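Summarising the annotation, Swiss-Prot assigns Zn(2+) binding site to His194, His228, Asp230. Residues annotated as signal peptide in Swiss-Prot, with similarity to another entry given as evidence: 1-27.
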Amino acid sequence: MKKINIIKIVFIITVILISTISPIIKSDSKKDISNVKSDLLYAYTITPYDYKNCRVNFSTTHTLNIDTQKYRGKDYYISSEMSYEASQKFKRDDHVDVFGLFYILNSHTGEYIYGGITPAQNNKVNHKLLGNLFISGESQQNLNNKIILEKDIVTFQEIDFKIRKYLMDNYKIYDATSPYVSGRIEIGTKDGKHEQIDLFDSPNEGTRSDIFAKYKDNRIINMKNFSHFDIYLEK
């Protein structure tokens, strides 16, 4: 009889603990997405460095040092950190284009980015992208011609930033009152492949360095192979 009573007491305590802990877990979950949005809103509220036809001063196994004096005056440079595989595609005295998001602010002589480097391109082009938007699985208006790229070879960093900027301006995806809790961009190419970009990824401490480090791979795409992009947002 005593054994049965003990079992009942243990059961009651367990139920009470579960009912007490559950709201806490739910609350923490909401806090997490709130922090993620705050991190991303701060990180991507930024003016990118957009420089054309700059000379590579020197390269290391993981860094390109790029002369930007003609844009900034004085002895100024861009330091782009990237993977070994990406850095080996460039060498001293190459001319490159830069589109990058800084992760160190107020440096006196240099600007620090991850990736964001393509061979210099002098031809003037206007690639108006075809795009679709889905919210909670339902197709919305198409986003054709909303995103424009002015180079034949671009980094995923540039595509990512310009699409995010459009979503931040028009759908307020990172605002505190935004209903969106997850989302992704899918980049489709003409060979049927798709590359995904997580719109709600804020790793580690959520600093600009943490968030932008994914661009170290300096992934690029030739716009001749670009098909379209799809955006999926979830409430």
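Glycine too: its Cβ is placed from the backbone N, Cα and C atoms.
With respect to Cβ neighbours within 10 Å, the binding-site residues His194, His228 differ, and His194 shows the lowest count. Listed in chain order, the residues near the Zn(2+) site other than His194, His228, Asp230 are Asn132, Glu186, Ile187, Gly188, Ser227, Phe229, each with its Cβ within 8 Å of the site Cβ centroid. Spatially close to Asp230 (Zn(2+) binding site) yet at least six residues away along the chain are Gly131, Asn132, Leu133, Phe134, Ile185, Glu186, Gly188, judged by Cβ distances under 8 angstroms. Look at Asp230 (Zn(2+) binding site): DSSP puts it in a strand. According to DSSP, His194 (Zn(2+) binding site) sits within a strand segment.
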